[in-house]
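Taken from TrEMBL, the feature FAD binding site covers A:S16, A:V246, A:E436. Summarising the annotation, TrEMBL assigns substrate binding site to A:F353. Annotation source TrEMBL lists domain 'Amine oxidase' at A:15-460. Summarising the annotation, TrEMBL assigns transmembrane segment to A:6-24, A:189-208.
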Number of protein chains: 2
Amino acid sequence: MTAEIWDVIIVGAGLSGLSAAHFLRKREAKLKILILEGKDRVGGRTVSSDIPAANGGVDVWDFGGQWVASTQTHIMELIKELGLEVYPQFNIGKKVLHVGGPPSKVRVYRTSIPALSLLVLLDLTQFLWKIDRLSGTVCVHDPLKTPNAVELDSMTLQSYIQQHAWTAELKEQLGVCSRSVFGMEPSQMSFLFFLMYAAAAGGVLALLESTPGCAQEFKIKGGTQQLSECLVERVGWKNVRLGSAVTAIWQDAEWARVKTNSDTFLCRAVIVTCPPHLAAKIHYEPPLPAMREFLTQNMPVGHMIKFIITYQTAFWKEKGFSGEIVTGSSSNSPFCVTFDATSPYGNPALVGFIAGQQASHWSPKEAGERREAVVSSLVKYLGPEAASFIHYEEKDWAKEDYSGGCPVNVMAPGLLTYYHPSLRKPCGRIHWSGTETATQWCGYMSGAVQAGQRAALEVLAEVCHVVLTAEEQEVLQQNQITRRQSSSKLMCLFIRKSVVMTTLTISAVLLLSRRHDVLMKIKTYLTNTIL
Amino acid sequence: MTAEIWDVIIVGAGLSGLSAAHFLRKREAKLKILILEGKDRVGGRTVSSDIPAANGGVDVWDFGGQWVASTQTHIMELIKELGLEVYPQFNIGKKVLHVGGPPSKVRVYRTSIPALSLLVLLDLTQFLWKIDRLSGTVCVHDPLKTPNAVELDSMTLQSYIQQHAWTAELKEQLGVCSRSVFGMEPSQMSFLFFLMYAAAAGGVLALLESTPGCAQEFKIKGGTQQLSECLVERVGWKNVRLGSAVTAIWQDAEWARVKTNSDTFLCRAVIVTCPPHLAAKIHYEPPLPAMREFLTQNMPVGHMIKFIITYQTAFWKEKGFSGEIVTGSSSNSPFCVTFDATSPYGNPALVGFIAGQQASHWSPKEAGERREAVVSSLVKYLGPEAASFIHYEEKDWAKEDYSGGCPVNVMAPGLLTYYHPSLRKPCGRIHWSGTETATQWCGYMSGAVQAGQRAALEVLAEVCHVVLTAEEQEVLQQNQITRRQSSSKLMCLFIRKSVVMTTLTISAVLLLSRRHDVLMKIKTYLTNTIL
């Protein structure tokens, strides 16, 4: 049997792989590019599905990555190029917060400052200030250059929280943040990794908020899987093989041989885009350097179950709620966070996430039991109308073949400082992509696009011997630029936080002196102006 | 092509797999057992090789696991059954200790107490006391039952060291301990995992020492690979296929189908014995439970380069040295520890380990450069005679196919408390073995034997429907017993340590009062009597 010959083979038809293919195709139209995908669909960690909606209709919702932000330049440019549209995440109205154990009061608030006691607010502010300052010192491109890198990498995010958050309530809330962002407990990741991740997004708050520039700012009309589908249209369906999981990559002086269970393909360069824990399952000949093997052995992926629940009316909006509910691990709620998910066509829905230890608890249970627990929590927080839903649909990413988890692989402690360069460093004819290898919005769809384009440039320069333009060379070097960008961005945050710190320090003094009337005024002031 | 049919297939011809096969064969002689091994040899993480020795001869040395202890009942019984002999690790004479940076004094001492200042000794004692007390609270069989399990599992061993060791010198020395025992930095592992590992060995000191009952007590005449070779003789070479790496295991209602690159075998039960990071590379249909996938994604294996250097004479003994050298990361030495390795036939040699971050630094370099650095350090610590060696031979376990690291897989933080039961829990027809699944001397050759025998019992009871004897049932339940054993053992340690604590507290008071003469007396007393 003669093996098919291609110029470039891309492993994975997610956003990163398809962005790489699209970029290569635009730059060198004659390149023969083949994309091999294990799943029976394109899109990787994005998938958009039709489910029953209001008035007997159906509508489309995202069951994987869904949000984009104006600061995510790579994905925003792609959206524009592909002629897609974004719309803002709805976040107007009362938000619900439940931390501090089942017997504690469920708090409701309207601003971007959580309805916490002044003491916890003060704690939150000092904690964010510290962590944002540290995040500003991180060199995303080469974390070993970060001051105290070894020390920061030798502790878990949870250890830092234990040492630097003062109140149990804040500690619980930070657990919710970790679960929402990474699908993982703060005990599972390196603190330096967390700082690097935040730095790649421009700061910690950017990861958490739905305000302009932050991670939850916009959604894409018609769903995010369209991005991959539009890219395939441009790259050509004939160049994509679904249900073709790559099992081995052999390299010799002349070729890379990419094997699936049924075929072998020859090519000059391979771009592997799948998440690190899946890339680690491929058999490589000659073996990859030990440093890379050690690295990918230590990059656990998160565990997230995402659900969409559709309704006849957006009863929560009618009652003044935004749809945002944040619940801590002590609340007995199966989910950690929900948001309004009403479609751009007006079909009411909520979206929520069961993540981290909650996912490990709820994932093995019966679907009906899980749905009942979700609905009963929604009833508790938003009212009895939540029980009258049209349809409940969920996706457990741990059970998705050729994903095994979502949204992103993190790094366990002790890796960034020893093994990190192995993540992006090409191994012979193999180049590495996927959002985990990004230096801007690493872990997000935008990072997937950035990484795909960077890998494509590597292939063009090193394998196809194409002379890169000055601009393209700059893109290859932009890792260094990231550091300055995030530093300057951080300066603004630093100044903003300093003001808050001063104000809250005064509050603390007053708190200790029990001047309740003055305290209330300060809280109102804080609520309305600063943050 | 018709697939061969077997009763039990064992993946991996290391000590665990061969022990399982031997146990099954003894219990049910008619069972058709096939052992599939990726390597071209048996023995897994044990390998014994002939190298040039004194007087133009050759002799055999161990390049993998080498030590056993009288407390390691499973391996000691096997050694006896196979008719092999042990001999004690030579440890008489001066020991060398170099921590505290290149400019610091190289210290020499003769006892089991390191030549540290009284302050550092006091620090060491209080630290060991704390850690041993904690280790005694660990439930090896179910770590979640340990008091404060979640907290202990949310921090790295390094975080605990940072918080509870007072002196920089002790912190450096604990790094050496972590590298020597795990081939890994203390920043890479869960503190709860470390405690569990120590508890499974009967205490922290048992991991570190070469005194009776401790991990480095005996070696096996002729090398440890003989264990596997003798076991194969009993199991039958016709039942072992070398060069047969398992790539997939499919299960249906009737069969397990075990696939290699060239063959498919059918069987009723499979015992997978390879280390967790390699078991994770096998493709399973239906997929394994998500909990197990998350667990094996987070069990990094250590990185060790082991070297043997042979000499015409044991010049170190002639000069009064034992051959034991302990060097911290600040010492510029490539290795962390060496021992005398003179063979039972009197051929002089030293054995040493380049491990953890030192291995990640030295592994990519040229072999000659590494050898030169090792020899130059030996010259520094033992004298110029060290330069006149006969032969230097090393094994980098990270580069060994179907190992990828040594000596053991640890657990990253945040896993024991969520995912641990998945490590031993059978998945349909698949049973799990390998030293990482042991509850007594987990990580050691003895643990490999224990785990193999336990998996064999599971297969006998659940698949072959053999009625187990009371004794065998007890073996299956012995995980619970371990807890009591290690607790009682710990009581002795606790008492011993309490005495030392009291004495050293008095010393500290004197230290602060600068009564140098009294101090010297106490140090002599401590050196000669207590520890």
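Each Cβ is built from the backbone N, Cα and C atoms, and glycine gets one as well.
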Same-chain residues at least 6 apart in sequence with Cβ under 8 Å of the Cβ of A:V246 (FAD binding site), in sequence order, are A:V11, A:L36, A:G38, A:V258, A:K259, A:T260, A:V272, A:I282
Positions whose Cβ lies under 8 angstroms from the transmembrane segment (A:189-208), at least six residues beyond its ends: 69, 71, 128, 131-132, 134-138, 140, 143, 146, 149, 152-153, 155-157, 159-160, 177-178, 180-182, 214-215, 410-417, 438-444, 447, 482, 485-486, 489-490, 493
Who are the chain neighbours of the transmembrane segment (A:6-24) in space, where the CB to CB distance is under 8 Å and they lie at least 6 residues beyond its ends? 31-39, 42-46, 78, 227-228, 231-232, 234-235, 239-240, 242, 246, 249, 256, 258, 265-274, 279, 282, 433-435, 445, 448-449, 451-453, 455-457, 459-460, 463-464
Taken over the domain 'Amine oxidase' (A:15-460), the model's mean pLDDT: 95
With neighbours defined as other CB atoms within 10 A, the best-packed of the binding-site residues A:S16, A:E436 is A:S16
Restricting to the record's FAD-binding residues (A:S16, A:V246, A:E436), give me the longest CA-CA distance in Å as a whole number. 19
If one measures from the C-alpha of A:F353 (substrate binding site) to the C-alpha of A:S16 (FAD binding site), what distance in angstrom results, rounded to a whole number? 24
Within 10 angstroms of the C-beta of the residue listed as 'substrate binding site', the count of other C-beta atoms across all shown chains comes to 22
Going by DSSP, is A:S16 (FAD binding site) sitting in a helix, a strand, or coil? helix
